[in-house]
Amino acid sequence: MDLNTYLKLLNLLDSESQKIMLELQAMFSAAGLALRGRGTHTDGIIVKGNLTVLHSSDVPSHSLFTPGKKYDVIFRHANIVGGAKDDALINGRGSAIRIGNIGDDLSKPRLLDLVLNTGEVFGLPTARLYHQFFGSDFHQKSDMLASGSLRRYAVEAALRNPDSFTELYYHTQLCYEWVDSKKKSRYARFRLLNPNQSTEGGLLDDSVEIGPRLVLPRKRGDTREKNYLRNEFRQRLTDGNIVEYVLQAQFRSIEDVAVDCSNIWDPNTYPWLDIAAIVLNQDESENDYYQEIAYNPGNTHYDLKLPNSYSVDDFASLGVSGALVHYFGSIVRAERTQYLYGSKDDLPGKPVYFPLPVTEIPSKRFLFLLEKYNFLTDNSYPSDGEHDKIEALVSAMPTTALDLAVGTTDPTDIPDSYFLERRLNGYNPGAIRESSGQEGWTHELTHNLAKYDIKPGLHFPDFVQCRLFVDKQNGVKLHSIKIDDHEITPCQEQWQYAKRTYLQAEFLSQELKLHLARCHFNIEQYVMAIKRRLAPTHPVRAFINPHLEGLIFINSSAVPKIIGSTGFIPIASMLTQGSIVDVMKNELSKLSYMWNPIADLPRDIPGDLFTPAATAYWELLNNYVEQGLLQPFEDELRTEVNAIQVDELFAELKERSLYSGDQPPKYDSSELKSLLMYIIYHSSFLHSWANFKQYDDAGNPNHVSMGDYSQYDQQTQDKIRFSQRSLTWVLSSIRYNSVAVYGSDLLKQLIREKSSILEPGLPLEDLMMSINI
């Protein structure tokens, strides 16, 4: 079953029925997400074998079931109720068969899937009742049982307490339209049984009280191990034996009543006929290749199809609901398996060596933008490495803000006024902290690299601190810069050296701590958890998704060019490769989504544009999350199916978190609003501010670098200088999905109301929806 078939089945339904089907999909997908697997039939055993079509004159001829024809099969047994890992629970049992030609890759849909369960019939005749049952509590289900809308005999027939999977009979319950070789149609139902089993086993005795529950506790005194059914089946194959089944079918003429899967077809009138023999001989339960097979009753043969449904009230709706639910669930499950974590020792998110999830493939528009600027880094560097050509390329790059500030003076002479303004409003914002009990200065910016390793033979200060004196009437003044144990003041000869050294330390800190750790990798852990734990239809995911676009792709494809073994920072900085990663991990260990910028920033510093802008953006995000999600979707968020997914989201965040501070989050749904505000603030506002100022602040290596390159040979120096110039230009140039164009009407309105506070520091055209560069 593919997307076209899915849409065709869905579009045959009336609008109310489509809504109910979509809700069913969401319910089952949520169950699968909560169980970290399938929503039903979660734990099972997988085996391979073959199927041989039998000769029978009573079976109508068929293009798939041609006597003597042989096929490969992949087969699965499982307990029906998802999450019921104990085989000794009184539960329904299931089997699923995928049939393919000899040699087919059976991990993908092939000729036919059959999904069969214990019980000759299903307990609910229509998709509307199925939807009602799935969304009901115990008392409501009891009422359905009492009223007869939930068929008691069907519930009783499904529950089994067997000693082996092989002693049970399994039924499709659904009927299929069987088209014979003469193009005559009839309906068919299938069942599977052990040819050596004359009667079905595992039946319940009268002492078992049946209610609306689909699984009952194990019987008192039952000491069988929790996975005894799977172990028993596996042991049969381990001993060199085979497991045999016979596939049978009933046939009857085309009539609506036949499609009702809650009614038994009298075997005296519609006898069971042998169709095929199945031999299973190879356990594949430990083979990850087959673990995520998505069996679907909608994966049908062109001469064997489910009857069409036009309403959730017709009998055919149950079969169509199964096809739609299984298809949607497989997408959700497959999506989750594409978002794979590496070791907890890795940086958070998807390791770059894992394949990119299909849903993260960027748009053609973004790829066009990326290609537009890639020539700067990929193709324009002179292959001969000639110094004069490189100098010409570097000089030809656009002028930076620092170039304009320095003007025609000595390029190493950085004006104090410019230096001070960029500490307040440049590419490393929000780093100023109030000092305590110091004489002469009130605030400071500190970069401490003492515990990190420097490359052999090179030198870089362990400690660099810029000290400021803040007077609300007279403004901000530079007090001094401390480098290791030496304090250097503006009146000293070494003052320009001190400023350049500070800029080197800040350049490294901005890239590793703020830009990469706090924005890129920090937010990727939330993207991963959201994509893995929330179904695509979940209100939270639908709301936050525009703020997640592009991050995983850019982290996988472009970030290695910055911090990979041959990337810019490992070559340009004085730190070893290991220490570069350690700096980012250390920063990540301090980060929690239970944070806000208002409490973290200095107040009322003259000339500070960032603090009021950050405060204003945080305040508007409060309204954005409330008015865009929490209020309009209040009832939907409270439903069990959606609440379970949010709980799973927080559980995964807790499990994967690198936070090691003394005030960890609670990791529960009470913090959902804080989480969403935190993600959007970093994805949109903070990354936009820091990223688009990189070229102005650090684009010219004559003014700012990550270290002293005089110890390198000329070719290496040239390569670093060119890389810095071109890389910061590309990072600062690509604009994709600006809020002004792609934001929701609500977000645009809220930003316009704060534009007079935001725009002095960040032009609104530079405010993006997500981290995508």
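Cβ atoms are placed via backbone N, Cα and C, with glycine included.
Sequence annotations record features per position, and here Swiss-Prot assigns Fe cation binding site to HIS515, HIS520, ILE773 based on sequence analysis. Other Cβ atoms within 10 Å of the Cβ of ILE773 (Fe cation binding site), summed over all protein chains shown, number 22.
Positions annotated as domain 'Lipoxygenase' by Swiss-Prot, on the basis of sequence analysis: 176-773.
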With a radius of 8 angstroms around the mean position of the C-beta atoms of HIS515, HIS520, ILE773, what other residues of the same chain does the Fe cation site pick up?
LEU516, CYS519, ILE554, VAL559, HIS687, ALA690, ASN691, LEU731, ILE771
Pick from HIS515, HIS520: which of these binding-site residues has the biggest number of other Cβ atoms within 10 Å of its Cβ?
HIS520
